[in-house]
Amino acid sequence: MTLQALLSHWARNKMQLAMLLAGLTLATALWSGVQALNAQARGAYATAAALVSTDGAARLESPSGQLPQALFVELRRAGVLVSPVAEGRFIMGDTRVTLLGIEPLTAPPGTAAALADGDLQGFLSGGGYAHPETVAQIGASDMALTPSQAVPVGTVLVDIGTAQTALGMADQISHLMLTGPAPDAMPEGLRMAQADAGAELDGLTDSFHLNLTAFGALAFAVGLFIVHSAVGLAFEQRRGLFRTLRSLGVPLRSLTLALALELALMALIAGLAGLGLGYVMAAALLPDVAATLRGLYGAPVPGSLQFSPVWALAGLAMAFAGAGLAGGQALWRLWHMPVLAPAQPRAWAIASGRAMRWQVVGALALGALAFVLGVFGSGLFAGFALLAAALLAAALLTPAALALCLRMAARLARAPVVQWFWADSRQNLPRLSLALMALMLALAANIGVGTMVASFRATFIGWLDQRLVAEMTVTPRDAAQARELEAFLTSRVDAVLPLRRVDATLAGQPGAVYAMRDHATFRDNWPLIQAAADSWDRLAGEQGALINEQLARRAGLWPGDRVALPGAGDVAILGVYPDYGNPLAQAIVTEDWFDRLYPDTPTRQLAIRTDDPDATRAALLDEFGLTAQAITDQAQAKALSLAIFERTFLITGALNVLTLSVAALALFATLVTLSGLRLVQLAPLWAMGLTVRQLAGLELARALVLAGLTMVLALPVGLMLAQVLLAVINVQAFGWRLPLQIFPADWARLAFWAGLAMLAASAWPAWRLWRGGGEPLLRVFAYER
Amino acid sequence: MSLLALKDIHKSFASAEGPVAVLQGVSLAVQAGEVVALTGESGSGKSTLLHIAAGLEPVDAGQVLFGTQDMAALPDAGRAQLRRGTVGLVFQQFNLVPSLSVGANLAFQARLAGKHDAAFCTDLAARLGLADLLSRYPEQLSGGQQQRVAIGRALAARPEVLLADEPTGNLDEATGDAVFALMLELARAQGTGLLLVTHSARLAGQCDHAIHLRNGRLA
């Protein structure tokens with residue numbers, strides 16, 4: 001009966017109920033959607049790790065890149081349990097894949113599991129295994145492919161012999177997987193490296209997932225503002241009912257339990273709806289997230305979402321935790337409420353006035369914490385902690401700052417209606433403060449992330465224009481074709497610049513050493529962030545190496561320092577170049593030196609400088625029968641890079657829009673809930689001669705003014721956020737630092753959308769007021785008796 | 001000519017059982033400086049008639065004449081303008097503007113109507129015993145003080161007609177009597193016509209005329 005009495009409130013306040021459920025649903029959806037994306041990606045990394053290693057296994061590799069196959073036989077005969085792997089990029093059908101050649105009888109258990117249900121005979125006869133999505137991408141192919149969920153996306157698992165033939169690696173292997181104990185003495189020319197590709201990907205992609213989680217948490221928090229606001233208002237509205245029920249003999253314990261049950265019921269309904277919505281959202285965003293992870297980190301993530309019961313339970317738990325967090329205060333207040341507490345709704349303004357003072361104290365404490373983290377903190381988590389503290393401090397300061405602005409405006413006002421407008425806005429601020437804090441957070445996040453992305457885009461486009469100077473690039477089928485291509489092109493084009501690289505560990509980080517031919521293309525166009533004197537001449541003279549910004553920042557190595565290169569020992573760092581979009585460490589040495597250090601390294605690509613790319617392309621197609629995918633012109637390369645860039649931030653943009661939408665919903669929920677209370681405040685003005693139309697217009701204007709002021713407050717916060725993202729988070733996460741650039745046109749656009757969102761949020765209550773004529777206002781006087 | 005004349009007012013409200021006639025051909029008039037009490041049982045239509053006189057409630061039929069101007073025939077903006085400049089309203093629940101100080105509340109309608117006279121306002125505040133409370137906010141005042149602010153606010157605009165709906169209904173007898181006496185005195189001093197809705201026969205007895213409503217008709 002008690003629960004029934006409590007629930008009757010919602011039957012009469014359906015819109016309030018809808019807003020409460022919508023807030024919790026959206027919060028759960030955004031959080032669990034982001035978690036679904038993370039879980040899917042991490043599952044894919046685990047698949048990748050399981051395919052190529054046993055737990056904690058290592059691999060034996062040569063610093064120069066390849067090993068003779070005979071070494072495998074030699075080691076096995078010596079009793080060392082190893083399994084050979086031949087690996088390389090290969091164009092198959094309509095796409096480029098990683099061809100992973102293994103020896104099935106000695107392969108690690110994870111690889112064997114991928115073959116467990118398959119046709120081993122077909123595998124040994126030239127067949128392959130690939131993820132269903134990869135099979136679909138490849139389309140028609142000479143190779144018989146068996147779909148398998150155990151193979152990462154973008155990889156084709158084949159017998160080692162098949163891979164060696166396809167990759168032109170006769171009697172050569174890429175590395176050896178260690179499937180037993182490590183040898184007592186390392187064979188000459190070999191080194192041991194960790195083979196846990198999943199862990200490596202986890203490390204590289206941590207920042208991306210942390211970024212997503214941070215956005216999910218922000219959206220969840222914004223959603224909880226709605227729930228807290230709706231539950232708090234419902235509590236105030238039901239004070240009379242609580243008093244009546246207590247007076248009728250309902251024990252406090254039963255009443256509190258009933259209120260908790262009501263909250264749990266709503267958490268269950270909203271949680272289930274949020275899970276459904278989160279799943280749909282994740283499924284819609286996953287293809288872009290997968291493409292981003294593939295493009296940025298080479299992480300094999302499938303583009304289709306799989307349902308996980310653990311994820312669903314975790315999402316429901318978050319819904320309950322969120323409802324508990326948002327409604328806990330109401331339960332606590334009920335537990336401590338005297339039987340004869342006043343039935344009148346409390347003056348929120350008075351209670352919130354005290355709360356505002358505490359908020360300011362909390363904001364100052366958080367601001368101090370952010371300052372300390374900014375000065376003394378290091379690492380990605382310190383960066384995110386700094387962001388969280390600064391954003392929360394700004395949110396907590398928002399009501400006080402708005403109150404100050406409104407007080408100043410009221411002092412300047414002369415006309416009575418304008419004076420009332422400012423005074424009334426200030427008086428209602430506590431009721432709107434939660435929603436306005438949510439709006440401030442959403443706007444600051446939009447400004448911050450938008451500025452970061454726009455700064456990045458501007459720098460990235462400039463960098464691409466400088467870096468991608470070769471008119472076209474050609475990907476040879478194998479090393480032999482590379483040699484033929486270079487010989488063919490040398491007399492026909494201005495320059496042929498081969499790209500060769502070996503994987504290497506640089507200053508303890510995974511990366512690669514690249515060969516660079518001494519050519520004006522690089523000297524004239526490659527930007528260097530920092531350079532030693534005569535860096536290009538000294539590079540050509542084999543006096544050192546260039547390193548990328550990622551390596552420089554992560555390892556703290558700059559011109560004047562030295563870095564160890566495999567086979568070369570410590571070499572001088574001659575310059576640091578920006579290398580956006582690449583998560584790995586890089587070092588560049590001159591081509592001749594590279595060839596002496598790492599002989600027989602195949603050329604992976606040829607960059608071509610020519611005045612007539614069309615004729616060169618035609619000649620290559622005629623002479624070598626290359627596929628269209630093997631030739632990329634400059635425009636295509638730029639378009640591809642930009643597409644990867646845009647895709648990378650698509651998810652960020654989507655979450656930005658969703659967060660702003662949730663904030664707008666929070667405002668709508670609050671304004672709708674408050675519309676009944678507003679009538680009491682507006683009725684006297686109507687009685688004194690203001691028209692209903694004027695009052696409705698003033699309500700809209702108030703919403704717009706508050707949105708405008710919030711936007712103004714969000715601007716410095718957003719710029720601070722952008723600065724932290726660019727100078728701290730990006731450096732930690734990606735290894736590059738970018739200059740902050742200002743884009744006022746983007747702010748104007750955001751202000752327009754914020755105003756529109758605010759108008760939309762306030763339009764319904766204002767329209768109801770206007771449409772009702774004086775009737776709802778007259779009821780205020782009619783209910784007096 | 002009467003300051004306010006209600007002529008043959010009809011008003012009904014919709015209900016589940018069909019329309020309920022609340023006022024059935026009610027007519028009355030208020031002259032300058034005259035105090036008219038409107039009495040009747042609960043549900044007799046007193047407040048509805050007062051709301052109609054203030055232009056807050058539309059009529060089904062009849063005229064609400066301020067001089068020669070029929071308020072019932074005016075659009076919302078016209079009714080609001082007439083209310084702003086001609087009518088003062090006092091309610092049982094005071095209905096002050098909570099976000100404005102006592103001083104701002106007192107001056108609000110007068111400023112809205114463009115008839116603000118600072119000296120008059122100050123004098124009015126002194127006569128109402130509010131001179132020391134001008135910087136306070138309504139929530140900081142007692143019921144009696146709030147009602148005095150409401151009366152002052154209505155009279156500061158020098159309305160031709162003051163409409164008061166149970167102005168002492170929320171006050172104890174002593175405070176109510178004091179507030180009523182003050183309102184009567186000020187209205188008479190300004191030559192303002194006063195239409196007073198009350199349950200109290202004692203208060204009605206102090207007025208120039210008393211009109212009794214029963215089932216929507218004048219008794």
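The backbone N, Cα and C atoms fix where each Cβ goes, and this holds for glycine too.
Note that TrEMBL annotation is computational and uncurated.
Database features (TrEMBL):
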type     : residues  : note
DOMAIN   : A:214-334 : domain 'ABC3 transporter permease C-terminal'
DOMAIN   : A:434-619 : domain 'MacB-like periplasmic core'
TRANSMEM : A:214-235 : transmembrane segment
TRANSMEM : A:255-286 : transmembrane segment
TRANSMEM : A:310-335 : transmembrane segment
TRANSMEM : A:356-376 : transmembrane segment
TRANSMEM : A:382-406 : transmembrane segment
TRANSMEM : A:434-456 : transmembrane segment
TRANSMEM : A:657-680 : transmembrane segment
TRANSMEM : A:700-730 : transmembrane segment
TRANSMEM : A:750-770 : transmembrane segment
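Between the transmembrane segment (A:657-680) and the stretches A:214-235, A:700-730, A:750-770, Cβ pairs under 8 Å are most numerous for A:750-770. Per-class residue totals from DSSP over the domain 'ABC3 transporter permease C-terminal' (A:214-334), listed helix then strand then coil: 105 helix, 0 strand, 16 coil. Where the transmembrane segment (A:214-235) meets the stretches A:255-286, A:356-376, A:382-406, A:434-456, A:700-730, the count of C-beta pairs under 8 angstroms peaks at A:434-456. Panel annotation: around the transmembrane segment (A:434-456), residues 215, 218, 221-222, 225-226, 228-229, 391, 394-396, 398-399, 402, 580, 645, 649, 652-653, 656, 659-660, 662-664, 666-667, 669-671, 706-707, 710-711, 713-715, 717-722, 724-726, 730, 738-743, 746-747, 750, 754, 758 of the same chain, lying at least six beyond its termini, place a Cβ under 8 Å from a Cβ of the stretch. The domain 'MacB-like periplasmic core' (A:434-619) scores a mean pLDDT of 87 in the predicted structure.
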